[in-house]
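K.L.:
Here you go, one structure.
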Ligand SMILES: O=C[C@H](O)COP(=O)(O)O
């Protein structure tokens, strides 16, 4: 059985005090006994990682960084390395978010370097990818997703996939209020699993958690999560509100 995951990407939101209050409220409301094989993850901004880690010491909630640099160290003003994340106790990192791709020019090739570095610093990766609206309209969405995965991840050895969580996020559904239908999400997740099975093995493909991201809310989470190849969600806007986020966790 695959691990279910609900991850909240807080993006550039919340002060330190707000971040601690939010994660503490989530921890209080998420019932650890009921979670069974579900992981709950939050990703605050870099400067609040230590504070949120402190607040989650006795909690089931895990903490991810939103990004890391592709080089180990050096003259990269304003950047954060994998070593720095490991050093403060971070064990997960989001890579390839569409906002990093769109606003910071991150390419699949650059992301492959980041993924490679994640192993050195014991960072589990939530790898994001997904097509733009034009790709979906022109019917190219499967091709685009396949090439994103091939270019950034298909150089990995089979055993390296133990470290990878996938997050399919159609760009047209992020922060827009427009969600992929549960059928569209299922169709793409099944396709993703198939191309992984073709490249590696069915067994490996069956074990990978594939999250859906893009305007997941309490009102649509149950239906999206009910699809067989959807193993949870990467949540943006709704992760900033404790009741909404906990309702989405409970939807799983
Ligand atoms: O990382 C999360 C995704 O970008 C989804 O964001 P959203 O739930 O606000 O659409």
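Cβ from N, Cα, C; glycine included.
Pulled the feature table from TrEMBL, pasting it below:
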ACT_SITE  97  active site, electrophile
ACT_SITE  169  active site, proton acceptor
BINDING   9, 10, 11, 175, 215, 236, 237  substrate binding site
K.L.:
Report, in whole Å, the straight Cα-to-Cα distance of the residue listed as 'active site, proton acceptor' from residue 175 (substrate binding site).
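P.N.:
Distance (Cα to Cα, whole Å): 11 Å.
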K.L.:
Which binding-site residues from the list 11, 175, 236 come close to ligand 1, meaning a Cβ under 6 Å from one of its atoms?
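P.N.:
175, 236, in sequence order.
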K.L.:
Indicate the candidate from 11, 97 with the smallest number of other Cβ atoms within 10 Å of its Cβ, considering only these recorded positions.
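P.N.:
Lowest Cβ count within 10 Å among the recorded positions (11, 97) is 11.
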K.L.:
Could you tell me the C-alpha distance between residue 11 (substrate binding site) and the residue listed as 'active site, electrophile' in angstrom, no decimals?
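P.N.:
Answer for this pair: 10 Å between alpha carbons.
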K.L.:
For residue 237 (substrate binding site), what is the secondary structure state per DSSP, taken as helix, strand or coil?
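P.N.:
Where residue 237 (substrate binding site) sits, the three-state DSSP reduction gives helix.
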K.L.:
State which of the following binding-site residues has the fewest other Cβ atoms within 10 Å around its Cβ: 175, 236, 237.
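P.N.:
The binding-site residues 175, 236, 237 were compared, and 175 has the fewest Cβ atoms within 10 Å.
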K.L.:
Among 9, 215, all listed as binding-site residues, which has the most CB atoms within 10 Å of its CB?
P.N.:
9
K.L.:
Could you list the residues of the same chain, at least six apart in sequence, whose Cβ is under 8 A from the Cβ of residue 10 (substrate binding site)?
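P.N.:
In sequence order, the residues whose Cβ lies under 8 Å from that of residue 10 (substrate binding site) (at least 6 apart) are 19, 22, 42, 43, 44, 45, 66, 239, 240.
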